[in-house]
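For reference, Swiss-Prot has these:
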| type | residues | note |
| --- | --- | --- |
| COILED | 86-113 | coiled coil |
| REGION | 1-73 | region 'Disordered' |
| REGION | 74-172 | region 'Intermediate' |
| REGION | 173-266 | region 'Priming' |
| MOTIF | 25-34 | motif 'Nuclear localization signal' |
Amino acid sequence: MARSPRIRIKDNDKAEYARLVKNTKAKIARTKKKYGVDLTAEIDIPDLDSFETRAQFNKWKEQASSFTNRANMRYQFEKNAYGVVASKAKIAEIERNTKEVQRLVDEKIKAMKDKEYYAGGKPQGTIEQRIAMTSPAHVTGINRPHDFDFSKVRSYSRLRTLEESMEMRTDPQYYEKKMIQLQLNFIKSVEGSFNSFDAADELIEELKKIPPDDFYELFLRISEISFEEFDSEGNTVENVEGNVYKILSYLEQYRRGDFDLSLKGF
């Protein structure tokens with residue numbers, strides 16, 4: 001393979017190099033002064049005579065031009081009233097991810113809203129009606145985030161939390177893991193409510209047999225499958241024990257196939 005010929009520096013190369021160096025240094029200085037962000041490590045400024053080939057020089061010119069281009073949001077910044085600085089690229093990414101999470105949550109609520117929910121062994125309305133009486137997050141265990149507003153971010157730690165949370169929640173596996181954790185947490189809640197109660201032990205074993213997505217729908221549709229029923233200090237022992245028997249009755253119906261779990265895998 002033939003080697004690329006060594007570059008011959010022309011006057012127009014010198015002029016373009018000087019212009020790009022000037023613009024690059026000005027960009028670095030301006031960003032440091034206005035936003036406190038040091039971009040020195042983001043772009044090299046080699047001596048002109050260090051380029052061995054025209055290809056090397058052209059590649060650097062592209063990098064320098066991109067670095068100083070106002071359309072490159074990676075190197076454009078905003079500073080809010082709390083002194084938090086972020087690149088416009090990061091702000092736009094969090095906004096996109098937030099919108100995607102909102103879309104996913106809306107889809108999930110739409111898929112479940114017409115399902116009946118039960119209390120005391122009887123249908124009491126739809127999940128949508130239950131949500132209207134409380135909130136989507138209370139019923140579904142899924143929080144719908146508000147629109148991202150950078151002007152309200154008070155600290156860098158809050159910005160990182162929002163960035164990481166929204167990115168994580170765009171992954172479909174997030175919701176699968178959440179269903180698994182919800183089931184485990186509920187089982188622990190039942191376990192922590194009794195020292196010795198045969199029916200509770202039976203309930204725990206039955207709950208462990210249920211696939212997480214089935215459990216999630218049962219959690220949505222059966223009011224007795226609720227953390228409040230077991231964690232509330234106001235509940236008497238008799239009430240909690242009675243709730244165990246109610247849930248066991250529901251699970252017997254579940255095993256017989258009396259519940260249409262059409263949200264499975266949604």
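Note: Cβ is positioned from N, Cα and C throughout, glycine not excepted.
Outside the coiled coil (86-113) by six or more residues, the chain places 73-78, 126-128, 131, 136, 140, 142-145, 147-148, 150, 153, 159, 162-163, 166-167, 169-170, 172, 175, 217, 220, 263, 266 with a CB less than 8 A from a CB of the stretch. For the coiled coil (86-113), the model's average pLDDT works out to 95. Each residue of the motif 'Nuclear localization signal' (25-34) gets a DSSP state, and the totals for helix, strand and coil are 10 helix, 0 strand, 0 coil.
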